[in-house]
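Notes follow once the structure below has been shown.
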Amino acid sequence: MYKCALILAAGKGKRMKSDLPKVLHKVCDKEMVNHVIDTMRKSELQDVNVVIGKGAELVREATSKKNISYSLQSEQLGTGHAVKCAEDFLRGKDGVVAIFTGDAPLITEDTVKNLIDFHEKGGYKATIITALIDNPEGYGRIIRNVDGSVKKIVEHKDCTEDELKVKEINSAMYCFDIKSLLESLDKLNNNNVQGEYYLTDVIGILEEEGAKIGAISVPFEEILGVNSRLQLCQVGKVMQKRINEKHMENGSTLIDPDNTYIGADVEIESDTIIYPGNVLQGKTVIKTGCVLYPNSRIEDSVIGKNVTVQSSVILESKVGEDTTVGPFAYIRPESNIGNKVRIGDFVEIKKSTIGNNTKVSHLTYIGDAEVGEGCNFGCGTVVVNYDGKDKHKTVIGNKSFIGCNTNLVSPVTVEDNTYIAAGSTITNKVPEGSLAIARAKQVVKEGWVDKKGLLK
């Protein structure tokens, strides 16, 4: 049977007080709407359509790699109107459509599959996701028939005294028979205080026609939506707890999960230890046996086996096996650090390759460089890669020794097995096996201080 999803993502979200469309605010390093799209894809649905409106182009851009289609709701006239805007997507399809909102990112793959399975097996024309909560104040109530099918949805303000006692609430997430949904959409009206078309009215229309309507209950946290910054924080905490628990179940140790921030798409292999204050983002991969000491940020990077990182930033780069980074190192995008390398304190690497077994222990800048294996950089070395207009490349051969406070003025090549004396400024090629000294010869003028009368 054909199965598809419709994600309602057209609202601006006034309570967010933001120029960014609400569904593009991030939860655990991913836009809320992309959380929902990814869940739909994992649920093996054939097609996903997103209804966009406010900030439509921004939403398109953020979701452009997701292989989805779009429907435009140019004017926000309610949830029923949003679904009507997707009629072209639904028309001609024979099957079911699951409808979710782009601001409720906690829905799970299991729930989507269970919803559709329950809908099919029960022979329902519509199925509602519900939740049971102790304090249902403000939520629409699910009123069931004796046989367990849904009789109606009653908004809180319209509930009778008995209906107010019901603790089962509507989530605004549904599964519909597509043909029945389209027929009911044609019968919707906006005869209400808000002048809007409500998707909940479709349930009433189907019930009046004698259609069978079901409901499946899920944990309340799954249906949590975001309408404010406070709710964004609340949803983020639930999502982060899920993510961190998943990694711990897979064999990683998180010393303090409440203070460890791991993005939704981060991969961590077993036997890695993560201390508090770490922030792992993007498509980062942490291989087995790593130790991440407190307060590092790693984004879109691959960290090899048995790497130790201390209080450092690594962006869009690769770090090889058995390497140590930090404390207070900065590895900038497009850097490739080899195996058994030492990147020490206050070292900055930018768009450079560092060969295996090389040591860059402290207070060094390496930019736009290709560094060989087994090299040693003395404290205070600077690769001078920028001439005020263009960036230039530096090549340093294997087993080169760069003395303290050396300036390598790019473009320049230092060949294999070379030594550069401390304090040198290198502007020309250094041949293999050479010692380069590029500094003024020391001159000592004895008695000069007395002659100048500088002693007091």
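Using N, Cα and C of the backbone, Cβ positions are placed for all residues, glycine too.
Keep in mind that this is a model prediction, so the values were computed, not measured.
When averaged over the region 'Pyrophosphorylase' (1-229), pLDDT in the model lands at 94. Marked as region 'Pyrophosphorylase' by Swiss-Prot: 1-229.
Sequence-distant neighbours of Gly140 (UDP-N-acetyl-alpha-D-glucosamine binding site): residues of the same chain at least 6 apart with a C-beta under 8 Å from its C-beta are Ile153, Val154, Glu155, His156, Ile169, Asn170, Thr200. As annotated by Swiss-Prot, UDP-N-acetyl-alpha-D-glucosamine binding site applies to 8-11, Lys22, Gln73, 78-79, Gly140, Glu155, Asn170, Asn227, Arg332, Lys350, Tyr365, Asn376.
The Mg(2+) binding site annotation in Swiss-Prot covers Asp103, Asn227. The Cβ of Asp103 (Mg(2+) binding site) lies under 8 Å from the Cβ of Ala9, Gly11, Gly13, Lys22, Val23, Met32, Val33, Gly225, Val226, Asn227, each on the same chain and at least six residues away in sequence.
The region 'Linker' annotation in Swiss-Prot covers 230-250. Outside the region 'Linker' (230-250), and at least 6 residues removed from its termini, the chain residues within Cβ reach (under 8 Å) are 16, 25, 27-28, 35, 105-106, 221, 224, 257, 260-264, 266, 268, 270.
Under DSSP, His362 (active site, proton acceptor) is assigned to a strand (E or B) in the three-state scheme. Look at Swiss-Prot and you will find His362 tagged as active site, proton acceptor.
Residues or ranges marked as acetyl-CoA binding site by Swiss-Prot: Asn385, Tyr386, Ala422, Arg439. Arg439 (acetyl-CoA binding site) carries neither a helix nor a strand DSSP state and counts as coil. Within the same chain, the residues at least 6 positions away from Arg439 (acetyl-CoA binding site) whose Cβ sits under 8 Å from its Cβ are Ala421, Gly423, Ser424, Thr425, listed in sequence order.
Ranking the recorded positions His362, Asn385, Ala422 by Cα distance from Leu8 (UDP-N-acetyl-alpha-D-glucosamine binding site) puts Asn385 first. With respect to Asn385 (acetyl-CoA binding site), the closest of these recorded positions in Cα terms is Arg332, chosen from Gly78, Arg332, His362.
Of all Cβ atoms in the shown protein chains, 23 besides its own fall within 10 Å of the Cβ of Asn170 (UDP-N-acetyl-alpha-D-glucosamine binding site). Counting only same-chain residues six or more apart in sequence, the Cβ atoms lying under 8 angstroms from the Cβ of Arg332 (UDP-N-acetyl-alpha-D-glucosamine binding site) belong to Leu315, Glu316, Ser317, Glu348, Ile349, Lys350, Lys351.
For Ala10 (UDP-N-acetyl-alpha-D-glucosamine binding site) paired with Tyr386 (acetyl-CoA binding site), the C-alpha to C-alpha distance reads 46 Å. Residues listed for acetyl-CoA, Asn385, Tyr386, Ala422, Arg439, cover a largest CA to CA span of 22 Å. The Cβ neighbour count for His362 (active site, proton acceptor), using a 10 Å radius and every protein chain shown, is 19.
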